[in-house]
Structure formats: structure tokens, C-alpha cells
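According to TrEMBL, the protein carries these features:
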DOMAIN    B:31-141  domain 'PurM-like N-terminal'
BINDING   B:D33, B:D78, B:D225  Mg(2+) 3 binding site
BINDING   B:D33, B:T47, B:D78  Mg(2+) 4 binding site
BINDING   B:T48, B:D49, B:D126  Mg(2+) 1 binding site
BINDING   B:D49, B:D78  Mg(2+) 2 binding site
BINDING   B:H56, B:E278, B:Y322  substrate binding site
BINDING   B:G125, B:D126, B:R149, B:S227  ATP binding site
DOMAIN    B:155-269  domain 'PurM-like C-terminal'
BINDING   B:D228  Mg(2+) 5 binding site
There are 2 protein chains.
Amino acid sequence: MRLSEAGELRLVDLLKRRFVKNARGVVLGIGDDSAVIRPRLKNMLLTTDMMVEGVHFDLGWITPFQLGYKLVSVNVSDIYAMGGHPEFMLLDFAAPGYFKQEQFDSLLKGIETALKTYKLSLIGGDISAAERLILSATVTGHTAKILRRSGANIGDFIYVTGNLGDSACGLEVLKRIGRTVMIEKNEKIDFGPGRKTVGPLVRRHLMPVARDPQRFSRRATAMIDISDGLFIDLSRLCKESGVGANIYAGKIPISEELRRTSEYLSLSPLDLAVGGGEDYELLFTAPSDIKIDAFCIGEITGGQLRVIDQKGKNKKINIKGYRHFAL
Amino acid sequence: MRLSEAGELRLVDLLKRRFVKNARGVVLGIGDDSAVIRPRLKNMLLTTDMMVEGVHFDLGWITPFQLGYKLVSVNVSDIYAMGGHPEFMLLDFAAPGYFKQEQFDSLLKGIETALKTYKLSLIGGDISAAERLILSATVTGHTAKILRRSGANIGDFIYVTGNLGDSACGLEVLKRIGRTVMIEKNEKIDFGPGRKTVGPLVRRHLMPVARDPQRFSRRATAMIDISDGLFIDLSRLCKESGVGANIYAGKIPISEELRRTSEYLSLSPLDLAVGGGEDYELLFTAPSDIKIDAFCIGEITGGQLRVIDQKGKNKKINIKGYRHFAL
């Protein structure tokens with residue numbers, strides 16, 4: 001059945017049935033003019049992120065399930081990047097009339113799966129029509145300590161929580177195979193260097209898992225999530241902190257899967273790692289005298305943003321070249 | 001300058017400059033991964049509403065200023081409909097590259113004007129690209145007493161806070177004149193029954209003002225805002241309350257402007273009043289023995305939804321006929 005036949009009221013009923021659980025702190029969930037919660041006596045975090053068909057995704061290579069999962073991860077990542085714990089979510093959903101009820105169901109299943117991963121409750125939203133699929137979510141969270149972008153100090157070390165570039169390379173693979181891959185059902189990918197190599201990259205792009213900063217948040221001085229690419233997001237953190245940075249190219253964590261696949265695709269793994277977005281790893285700074293269990297990739301300076309290659313040559317980082325996303 | 005030249009970072013800077021005020025309860029506003037607030041020790045309300053070009057509006061007859069104003073009103077109306085006080089707002093903005101910086105500025109001015117009207121602070125959001133203009137806002141509020149849709153009791157009287165149908169008729173006028181009208185700059189409208197008659201209808205459509213329910217909220221038993229039309233929204237309230245209603249057609253408040261203009265357009269003022277959406281008046285119920293300073297249009301029953309015309313003839317309300325908005 002197409003959504004144009006189902007109608008708005010029925011979709012809201014469907015949402016109410018699926019998501020009305022009596023989660024802690026929820027006074028009133030989906031179905032009234034507003035949701036009602038009992039906020040905690042802490043700092044409350046609020047973030048929102050929109051995903052638009054044709055701009056942020058292509059249904060030719062992402063399934064509704066994956067899209068739902070990713071929407072939640074992307075928003076949770078912003079809560080994590082403040083050192084917070086995600087708690088509630090509102091969903092804005094707009095779709096063309098030909099979008100099928102099965103696709104809507106599968107999108108909701110993806111959202112539900114991610115909500116469970118992050119222990120988050122869907123409490124409200126808005127459903128409407130559009131010419132293209134549009135998703136937007138607002139996620140709330142709470143935290144005792146706020147980790148801003150602006151807290152980095154000269155001399156701090158710079159860390160990332162995991163491999164970079166995998167998501168961008170996964171996207172390149174998807175563009176080349178030109179179809180959806182049901183990774184959530186363990187579908188194998190017959191491409192280039194083989195399924196075991198390519199699979200994790202594609203998964204990282206389609207169903208990224210946001211990084212919980214719990215282990216680092218007490219010690220970190222500044223934090224941001226890497227959504228638009230290492231260099232762009234580093235430049236944001238440095239701008240807010242009023243500092244510069246030296247990044248050691250050789251220390252940027254690059255997966256074996258990325259090395260092999262980028263070689264097959266004749267792409268530079270380093271370019272993908274510093275310029276590719278959507279890895280949703282965390283980038284943070286911490287005092288240099290503290291032991292941190294993450295990848296140290298450089299240090300905060302009083303100068304510019306510079307990258308130092310493995311031969312010791314150092315070059316100014318020009319983020320314009322990496323600004324792949326401009327309105 | 002077009003937004004594609006301005007770029008995302010610059011737009012965020014523009015937002016920060018315009019909206020960073022140290023509003024009460026804001027720990028961190030626009031510019032980090034999430035906004036941070038100190039919530040009040042009350043019920044917290046959360047609502048979101050999306051407006052998509054080509055579906056909810058047409059830039060051929062609404063200016064960016066009016067659109068910004070309306071976006072805020074529409075969301076605030078959902079907070080008011082719960083008996084609440086609006087407090088904070090997040091904005092999702094997506095636009096095509098050819099959208100001009102002047103248009104963006106004017107949209108922000110419209111938002112700012114509405115924020116002042118409702119004493120609300122913009123604390124965060126997301127900016128991205130899209131093929132069409134897409135706006136979504138999330139508004140938070142607080143309230144001691146929650147006014148749900150589900151509290152109506154048999155015997156309660158049914159009230160509306162103002163004239164219905166004006167917005168729908170204003171839209172009909174705009175479609176016929178086929179251009180924008182700068183009502184915010186008191187531009188006159190040379191159409192049919194004359195500017196004094198047509199102006200208020202067009203204003204009601206382009207820059208609706210949400211109704212603060214303060215005067216009624218202590219006494220009301222159930223409340224909803226009229227966004228999709230009287231009969232649709234009444235049916236929602238009745239469904240949630242498990243009741244029926246008798247509506248007296250002759251008691252529905254219809255403005256003199258609507259009577260004259262609908263006559264000129266050969267439209268039925270009553271059809272516009274019961275089926276037309278976007279008036280953003282409140283629809284509520286209250287015990288019959290309490291004096292309420294609003295328009296009483298009927299009473300809650302244990303039966304169906306029925307409308308009684310001025311000759312005393314009574315007819316079942318078929319909301320399907322009024323469901324103008326289906327996905």
C-alpha cells in the first residue's frame with residue numbers, strides 16, 4: 001500500500017502502537033499536540049539534524065531501514081559529542097505519496113533498532129507530504145559535564161576514537177555497485193577486493209554507530225564529532241577554541257580495509273581519511289600528561305592548522321579544498 | 001549573494017550573531033554540536049512541525065519573512081494547545097543553492113519577529129542544502145497543568161477562540177492574485193471586496209498569530225489547535241476522549257470579511273470555516289456550568305460527531321470529505 005492511501009491519521013496510529021512504551025521520564029508520548037516529559041535536574045542537550053533525499057542520501061543505495069538507523073546515529077552523535085547521554089527523540093517525516101507503507105515500516109524498524117542501541121525513546125514528531133523523502137530528528141540528552149568545542153588548550157593532544165575514511169570509501173563502493181546492499185541481513189558484496197574487505201566500509205557508511213564518549217569525557221577538554229570530515233571538523237573545534245593544530249598524517253588511523261579498497265579504486269586513503277565525512281568518530285583534545293585510550297593524531301598549537309607528512313614536511317591545511325558540503 | 005556562495009559556516013556565524021542573546025535558562029546557544037539548557041522543574045513540552053515548499057507553501061505568494069513568522073507560530077500553537085508557555089526553539093533549514101542571502105536574512109527577520117511576539121529563544125539547529133526550501137522547527141515549552149486532547153467529558157461545552165475560515169479564504173485570494181503581498185509592510189491588496197475586507201484574511205493565512213490559552217487553561221478539560229480544519233481537529237479531540245459532539249453551524253464564528261469575500265468568490269463561508277485549515281485558533285472543552293469568554297459552538301455527547309444547521313436539521317460529520325491533507 002502506498003502512503004497516499006494510508007493517510008496521516010493511520011500512520012500516526014501505527015507510530016503510537018509501535019513506540020508507546022512507558023519510558024522513564026515520559027509523561028505523554030506520540031499523539032497529542034506536544035510530547036510531555038519530566039526533565040532531569042541536569043544540563044539538558046538539544047540537537048537536530050535533517051536528511052534530504054537527493055542531497056544526503058540516494059534510495060538507490062541506501063534502504064529505508066538503514067536510513068532510519070543512520071538518522072538516529074547522526075543525531076545521537078551530536079549528543080555524545082557534548083559528553084551527553086541521549087534520552088528522547090522527535091521525528092519529522094515527509095514523503096512522496098508513492099512511498100510504500102512497507103518502506104515506511106522498514107524505516108521505522110531501522111529507527112527502532114537504533115533507539116534500542118542507544119537506549120533512546122521516540123516521543124513525538126510530525127508527518128507530512130513532500131516531493132522527496134525528508135527526515136529530520138531532534139534528540140535530547142543530559143549531562144553533568146558539558147564538552148564544548150571551545151575548551152582546547154595549547155599543548156593539549158588531539159585524539160580520534162577510531163578509523164577515518166571508511167564511510168567515504170564505503171560510499172564510493174556503493175556508487176560503483178549502484179544498488180542497495182542489505183547489510184542488516186548480512187548480504188554479501190561481490191566487489192573488488194572482496195566481501196570481507198568491502199563489507200565493513202559499506203556498513204560504516206550505511207549504518208554508522210555513534211561513539212559513546214563516556215571513557216574520555218572526564219578528561220577531555222574539547223570535543224566534536226566528525227560528520228563533515230576530519231579537517232573541517234578540526235577547523236571548527238580550533239576556531240571555537242581560538243587555537244591552531246599540528247596533525248601528523250602518519251598517525252591518522254586508517255583501516256586495512258580502507259587501504260586495500262582505496263588502492264583498488266585508485267583513491268588516496270589519506271585524502272578519504274582527512275576529507276571524507278560521516279565516520280561519526282569523535283575528535284577531542286586532552287592534556288598531554290594524561291593517558292588516553294584513543295588515537296593521538298597531533299597537538300594543539302598557538303599557530304595555524306598544519307599537517308605534517310611522514311617525511312616531516314609540514315603544510316598549511318586548506319579546509320576550502322575539503323568543504324565538500326556547501327549550500 | 002546566493003547561499004551556495006555564502007556557505008554553511010558563514011550562515012551559522014550569521015545565526016550566532018543574530019540570535020545569541022543570554023536568554024534565561026540557556027547554558028549554550030547556537031554553534032556547538034548541541035544546545036544546552038537548564039530545564040525548569042515542570043512538565044516540559046516538545047513539539048516539531050515541518051514546512052515544505054510545494055506542499056505547505058508556495059514562494060509565489062508567501063515571502064520569506066512571512067514564512068519565518070508562520071513557522072514559529074505553527075509550532076508555538078502546538079505548545080499553547082497543551083496549555084503551555086513556549087520557551088526554546090531549534091531550526092532546521094534546507095534550501096536550494098539559488099536561494100539568496102537576502103531571502104535568508106528576511107526569513108530570519110520573520111523568525112526573529114515571531115520569537116519576540118511569543119518570548120521564545122532560538123538556541124540551535126541545522127543548515128543544509130536541498131532542491132526545495134524546507135523548514136522545520138522544534139519548540140519546547142513548560143506547563144504546570146497539561147491540557148490533553150483526551151480530557152473531554154460528555155456534557156462539556158465546546159469552544160473556539162476566534163473566527164474560523166479566514167486563513168483558508170485568504171489562501172484562495174492569494175491564489176487568485178498570484179503574487180506575494182508584503183502585509184508586514186502594510187502593502188494594500190487591490191482585490192474584489194477591497195483592501196479592508198481582504199487584508200485581514202490574507203494576513204491570517206500568511207502570518208497567523210497563535211492563541212495563548214492562559215485565560216482558559218485552568219478551566220478547560222481538553223484542547224487542540226485548529227491546524228487542519230475544525231472538523232478534522234474536532235474528530236481528533238473526540239477520538240482521544242472517546243466521545244462524540246454536536247456542533248451548531250449557526251454558532252461557528254465567521255468574520256464579516258469572510259462572508260463578503262467568500263460571496264465574491266462564490267465559496268461557502270461555512271465550508272471554509274469547518275473544512276479550511278491553518279486558522280490556529282484553539283478548540284477546547286470546558287464544563288457547561290462555567291462561564292468562558294470564548295465562542296461556544298456545541299457540546300460533547302456520547303454519540304457521533306454531528307452538525308446541526310440553523311433549521312435544526314442534524315447530519316453526521318464525515319471527516320473524510322474534509323481530509324484535504326493526506327500523504
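Including glycine, each Cβ sits where the backbone N, Cα and C put it.
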Three-class DSSP secondary structure - B:T47 (Mg(2+) 4 binding site): strand
Candidate nearest B:R149 (ATP binding site) in space, where candidates are the binding-site residues B:D33, B:T47, B:H56, B:D126 and distance is Cα-Cα: B:T47
Using Cα positions only, nearest of the binding-site residues to B:D78 (Mg(2+) 3 binding site) (B:T47, B:D49, B:D228, B:E278): B:T47
Whole-number Å value for how far B:E278 (substrate binding site) lies from B:S227 (ATP binding site) (Cα to Cα): 4
Annotated ATP contacts B:G125, B:D126, B:R149, B:S227, maximal Cα-Cα distance (Å, integer): 31
Among B:T47, B:D49, B:D126, B:D225, which are recorded as binding-site residues, the nearest neighbour of B:H56 (substrate binding site) by Cα: B:D49
Binding-site residues compared (B:T48, B:S227) - highest count of Cβ atoms within 10 Å: B:T48
Cα-Cα distance linking B:D225 (Mg(2+) 3 binding site) and B:T47 (Mg(2+) 4 binding site), given in Å to the nearest integer: 13
Inter-residue C-alpha distance, B:G125 (ATP binding site) and B:D225 (Mg(2+) 3 binding site) (nearest angstrom): 25
Within 10 angstroms of the residue listed as 'Mg(2+) 5 binding site', Cα basis - binding-site residues out of B:D33, B:T48, B:D49, B:D126, B:E278: B:E278
Nearest recorded site to B:D225 (Mg(2+) 3 binding site) by CA-CA distance, among binding-site residues B:T48, B:D49, B:D126, B:E278: B:E278
DSSP-derived class (H/G/I helix, E/B strand, else coil) of B:D78 (Mg(2+) 3 binding site): helix
Cα-Cα distance linking B:D126 (Mg(2+) 1 binding site) and B:E278 (substrate binding site), given in Å to the nearest integer: 26
Helix, strand and coil residues within the domain 'PurM-like C-terminal' (B:155-269) as assigned by DSSP: 56 helix, 13 strand, 46 coil
Conformational class of B:R149 (ATP binding site) under the three-state DSSP mapping: helix
